[in-house]
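Listed in TrEMBL:
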- 4-149: domain 'N-acetyltransferase' (DOMAIN)
- 171-225: region 'Disordered' (REGION)
- 194-206: compositional bias 'Pro residues' (COMPBIAS)
- 214-225: compositional bias 'Polar residues' (COMPBIAS)
Amino acid sequence: MTACRLVPLSERLDLQPGCIALLNSEWPRSVASREHSLQKAANPRPPMSLLLLNGEGELIGHSKLCDIPGRPSDCWIESVVIRTDLRGLGLGKELMLLTENVARSFKFTNVFLSTEDKEAFYAKSGYVCCEPIVTVGANSKLLDSAKFGKFMKDMGVDKREDDAVEKKRLKESAMQNVADDKVDSHASTLPALSGPPPPPPPPPLLTPSVAKVQRSSTQFMRKAL
């Protein structure tokens, strides 16, 4: 087989229908949903979909390279797939090497990914298991570093702000307890009302049993470039 090459989807939008079919062969979704996802990754830089083409220009594989907000040296690889009739020929490893070369061209020094059943494959490609990380995939374009910093602050990452809010909450809670004690004291001096006791509350509605949440089998992995 002649040498393969990796090109951004943004340069070969004519191959988008074939890319949709390739991705849906592994992870079925509606065409509309897949089109929307690919539109967000049809960029000349991360987040970007990358197409693996053989010597004849046929689409035989796909990967997606994404940046990770707040981590300028790190990137994320996902949606790695090879055409089913061409698996077992070493093309998956070639696809990973080419994708990593693209990552290097953007000055990334670490690459992360996750897998449910391909840990052995990625281990042979130099990846090691690691702790989970937060990533937003192709949505990373919506969170540049400045916006991400503001987002994290708004979410309460600022420890000093958290402490101030907690102190205020405790003070308000203490004041409310004092007020409740006064009300309870006053109520205890009132004569008891005659009449029948209130009816008991209705029994809780029966709900279907909730399935046990199984531990995720997803394994996060990383590789230094």
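Here the Cβ of each residue, glycine as well, is placed from N, Cα and C on the backbone.
In the predicted model, the domain 'N-acetyltransferase' (4-149) has a mean pLDDT of 93. Residues of the domain 'N-acetyltransferase' (4-149) grouped by DSSP class, helix first, strand second and coil last, total 62 helix, 40 strand, 44 coil.
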